[in-house]
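**Q** From TrEMBL, here are the annotated features:
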- 1-29: region 'Disordered' (REGION)
- 19-29: compositional bias 'Low complexity' (COMPBIAS)
- 44-65: transmembrane segment (TRANSMEM)
- 47-475: domain 'Major facilitator superfamily (MFS) profile' (DOMAIN)
- 85-105: transmembrane segment (TRANSMEM)
- 112-131: transmembrane segment (TRANSMEM)
- 137-161: transmembrane segment (TRANSMEM)
- 173-192: transmembrane segment (TRANSMEM)
- 204-224: transmembrane segment (TRANSMEM)
- 260-281: transmembrane segment (TRANSMEM)
- 309-330: transmembrane segment (TRANSMEM)
- 342-362: transmembrane segment (TRANSMEM)
- 368-397: transmembrane segment (TRANSMEM)
- 448-471: transmembrane segment (TRANSMEM)
- 484-514: region 'Disordered' (REGION)
- 489-500: compositional bias 'Basic and acidic residues' (COMPBIAS)
């Protein structure tokens, strides 16, 4: 078949001359193939380092307000429920912007889009530091605009890494990239607390960040390439041309990709817990110290809260160890069990649930043991970030990865950390309204509102178990379309080959062809 195709020209297609045939003996020149896109390895690592640095700044912005939350509440006179709404607005705008940036990232320059979002969030953060006391609503607007920029970067950056590295290299680089989630979060708390202590004003914490982000923008423009989509696998638009289907058809494909669906729900549960803990734990620990008589209540700003530094350090240490540990265990266990990644995620979450529960209930009686269980809970949560990102990239065809990241982020934040800080604050305020206004009752209200997080963690573990049921089949679907044009419409995919791989065996629901 191959020899005949090389000796004779095929009939003209829809775009060729009409009514003409070259004849059976005419030789055809071989089809022109796109040039292979390549990048020196050192440049790929430099680009990854820049993307990791920007991710660090991104997550510092997520939690910098949480590090000075008591000061912000006293300055603007806002309650616990409204304080939680600050983070809800940030993440709500992030999730609304994610599909837009996912669409742009699959179709336009990803480098230019990332540059735009850095300018957007740094400008909004700087403006937020000048808001007067009587215009507290502008702080919510500032945080929402920062959320839009953060959503753009979180959607696009992992897809660029996915096109610079492949297989084990990609797993390692995603692990490094996602290390900066806990590191950035922890540094956000620490920077906010330290700068407030040095300057006497929480506003300066917001004014330092734009300087660091200006450096990030310059490095992005100079050192980060814009690789063709699917370049690492020699697929996508850069490696082989192919028709692009509509955004709605991409969404339909992802909705039938059950590994993607259950993975997203599992990460949603993780995000719910991480958002609630990240926003409220510094204040929770402050009130624990007051209850134990280790610290006086704060009656006016600036409030000295060493717990922001403690929790920030704890977040960094457990985050770095957890991400590295999760990626390394997944790499080794994958050689024995192809479903290792979701099983590791499920195990860590199901173990984290009792750790977080014990950290909460033991806080009033034994503070040290509470810290230990809190550290174990954070460590187990951190094990999953890089592993979950690698699962997503492995079960989705390259040209849909931007849209997949966007929907993954949007769904995770809608049901996850967009509402969890507000929900915890709302429950706490409702419980406090029925109790005497004492520090013990304030602490107990916040403690009891946190208990819903333990149920969310256990639910997330169950979702990862369901992901494991579909993982091998959906990975095979993703790779089946990568030879040739790399598009889901490829006619070269042989159904018998897919059946031999177990894709059409009839077990479970089948993934819809994108």
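Cβ atoms here come from the backbone N, Cα and C positions, even for glycine.
Since this is a predicted model, take the numbers as computed values, not measurements.
Context for these features, please: burial, neighbours, distances.
**A** Remote same-chain residues near the transmembrane segment (44-65) are listed as 72, 86-87, 90, 114, 118, 121, 125, 143, 146, 150, 153-154, 157, 160-161, 164-165, 173, 176-177, 179-185, 187-189, 191-192, 205-206, 209, 212-213, 216, 219-220, 223-225, 278-279 (criterion: CB distance under 8 Å, separation of at least six residues from the stretch ends).
Counting residues 6+ beyond its ends, the transmembrane segment (85-105) has Cβ neighbours under 8 Å at 62, 65-66, 72, 113, 117, 139-140, 143-148, 150-152, 154-156, 159, 247, 275, 279, 402-407, 409-410, 412-414, 417-419, 421-422, 425 in the same chain.
Same-chain neighbours of the transmembrane segment (137-161): 47-48, 51, 54-55, 58, 61-62, 65, 72, 76, 85-87, 89-98, 101-102, 105, 110, 113-114, 116-122, 124-125, 127-128, 131, 170, 173-174, 177, 224, 226-227, 229, 389, 393, 401-402, 405-406, 409, counting only residues six or more beyond its ends whose CB sits under 8 Å from a CB of the stretch.
Beyond the ends of the transmembrane segment (260-281), by six or more residues, the same chain brings 62-63, 66, 69, 84, 87, 91, 185, 254, 311, 315, 342, 345-346, 349, 356, 374, 378, 381, 384-385, 388, 391-392, 395-396, 404, 407-408, 411-413, 415-421, 423-425, 446, 450, 453, 456-457, 459-461, 463-464, 466-467, 470, 474 to within a C-beta distance below 8 angstroms of the stretch.
For the transmembrane segment (309-330), same-chain residues at least 6 beyond its ends with a Cβ under 8 Å from one of its own Cβ atoms are 67, 171-172, 174-175, 178-179, 181-183, 185-190, 193-194, 278, 281-282, 285, 340-341, 344-345, 348, 371, 374-375, 378-387, 390.
Outside the transmembrane segment (342-362) by six or more residues, the chain places 263, 266, 269-270, 273, 277, 326, 329-330, 333, 369-371, 373-374, 376-377, 380-381, 383-384, 387-388, 391, 447, 450-451, 453-455, 457-458, 460-462, 464-465, 467-468, 471 with a CB less than 8 A from a CB of the stretch.
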**Q** Same chain only, please: residues at least 6 beyond the ends of the transmembrane segment (204-224) with a C-beta under 8 Å from a C-beta of the stretch. Say none if there are none.
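**A** Contacts of the transmembrane segment (204-224) (Cβ under 8 Å, skipping residues fewer than 6 from its ends): 43, 46-47, 50-51, 53-54, 57, 60-61, 64, 67-68, 111, 114-115, 118-119, 121-123, 125-126, 128-129, 160, 191-192, 195-196, 198.
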**Q** Check the domain 'Major facilitator superfamily (MFS) profile' (47-475) for me and report the mean pLDDT.
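**A** Summarising the domain 'Major facilitator superfamily (MFS) profile' (47-475) by its mean pLDDT gives 84.
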